[in-house]
């Protein structure tokens, strides 16, 4: 799984970096030629895109290193750190766009030949939609937090390019403040996306449990297994592509130790079939030593 995961995530990061670099060159020319503050906003965003995508590429390769003596659970948390760093970069670019938009709102400057900006923005929009579609496919296959963060960023780029097209159209008809107003709106939206991305990264670093639906699936697998009378103390978290799952099985007191071990192994394999690549730890408890009032809720 790790080999396929690494290959797909690396390709997504390389594709994002290459696309952002190409669009940066195009936007530099368009901004120099038209003077549009909305295109400047897109240009700054492309700079952030390049830095974020390169960071993703390096971090993903590091996170795929196998566990060692000092990192017994692997290096998957590096992905969450990359997503957190991205959110900081993006917040900085959003602040820059906001301040630039205010400046141009106070002192609007007519654009030179907005048609060039329209063509460039359409090209950027098409390229970004293609990239986001590829990233979405990779996320469905890998559940990579780093690629998901990158995808959220490029999804905001799609919105931004659409807003830029509208702003350029309005400026073409003489409403020059539209360019600055849309730059302000874009800055606010990018900041919102960055804060959401940062929140998800922090939750991962704090070992937030797996989603309720995934935990319920684990419970259903365990409690429906022959030889298992019940279960408690389910603990879950995720680090990079790896889910960590711990649970206590309740078994009849009369069940031989060897048979209890075999049942636990079967349950573990069933969980791994549903969640490949997971790290599963199962503890067997005799029913008589499990006080009902002392068990933690499995979905808490």
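Heads up, the Cβ atoms here are built off N, Cα and C, so glycines get one too.
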Item to check | 178-198, 199-219 - the range that Swiss-Prot marks as transmembrane segment | outcome: 178-198
Checklist outcome for this item: Note: vs the transmembrane segment (82-102), the recorded stretch with the largest number of Cβ pairs under 8 Å from 12-32, 39-59, 114-134, 156-176, 178-198 is 178-198
Next on the checklist: At a C-beta cut-off of under 8 Å, are there same-chain residues at least 6 beyond the transmembrane segment (178-198) that contact it? List them, or none.
Outcome noted: 36-38, 40-41, 45, 83-84, 86-88, 90-91, 93-98, 100-105, 108, 111, 149, 152-153, 155-156, 159-160, 163-164, 166-168, 170-171
Next on the checklist: With every protein chain in view, what's the tally of Cβ atoms within 10 Å of the Cβ of residue 157 (Zn(2+) binding site), excluding that atom itself?
Outcome noted: 27
Next on the checklist: Other than 45, 49, 153, 157 themselves, what residues in this chain have Cβ atoms within 8 Å of the centroid of the Zn(2+) site's Cβ atoms?
Outcome noted: 20, 46, 48, 52, 90, 128, 154, 156, 160, 190
